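*Asks:* Can you read through this structure? Questions will come right after.
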Amino acid sequence: MPKAARRTSAPRAEPYPAIKPGDKLPTPKTTAPKSAPKKALKEKTSPEVNSASAPVASKDSATKPKKATKKAATESTNKPSGSFLDIKLDGEDDNTIPIYDTCSTIRQKINALLGKDNHKPENGMPGEFDKQGNPKPYTKASFCRALDTRPDMLARFLKAKQMMGGAESSVYPKAYAFFEKKRIFEGKKKTPGREKVEADRPNGLPLRDPNHIRILVGPGENPRDFLDEYGQ
């Protein structure tokens, strides 16, 4: 009987090292993952984080606010004064302002300013405000200060009669200048009565009270026949 072929086997693995009592078990070798770069692991401070995330402003956007600020400053400088009292009228320096409102018209304006129209915002004292920010209304005392006159003189002018009664009072030209400046400041048109006076009296009304005029008349003559509708 023929002999069977001898079996061959793979080479033996290395035998486990002999472990003696008291020896530590060997730790298996592992491939450690690559550590992140120190720069990436470095903790960023809050300013660095903010600067990294904030977008960088372009040159155009950086210069535009400056131009707007400069323009706003120029506009505020060119704004007109907030007080109508700062307006200068022709003839104001030498007290020769031509007057085109009758005394009765000026009395109506004064009574409206201090009466029914007293609390209208446009009739408030320039630059004077209450705690709520509303313009303070004129009183008789503050109105007299604005005209540089006395309360008793204002009272006498308001009590005068006829269209041109009180024309010789110093209140008349001062009050006319006050309301004329206010009209110009507010951009209001002239009334038909004002335009009629300008047509009738191009140089303005005289400061003469018809109540103080004496006219010598003959029998059957009427003094009114010698006066115009303004009592002059």
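Using the three backbone atoms N, Cα and C, a Cβ is placed for every residue, glycine included.
Pulled these from TrEMBL:
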- 1-88: region 'Disordered' (REGION)
- 24-35: compositional bias 'Low complexity' (COMPBIAS)
- 116-137: region 'Disordered' (REGION)
- 116-133: compositional bias 'Basic and acidic residues' (COMPBIAS)
- 138-189: domain 'DUF7726' (DOMAIN)
- 189-232: region 'Disordered' (REGION)
- 189-201: compositional bias 'Basic and acidic residues' (COMPBIAS)
- 222-232: compositional bias 'Basic and acidic residues' (COMPBIAS)
*Asks:* Tell me, what is the mean pLDDT of the domain 'DUF7726' (138-189)?
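*Replies:* 95, rounded to a whole number.
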*Asks:* Taking residues 6+ outside the region 'Disordered' (116-137), which of them lie with a CB under 8 Å of any CB in it?
*Replies:* 82-85, 146, 186
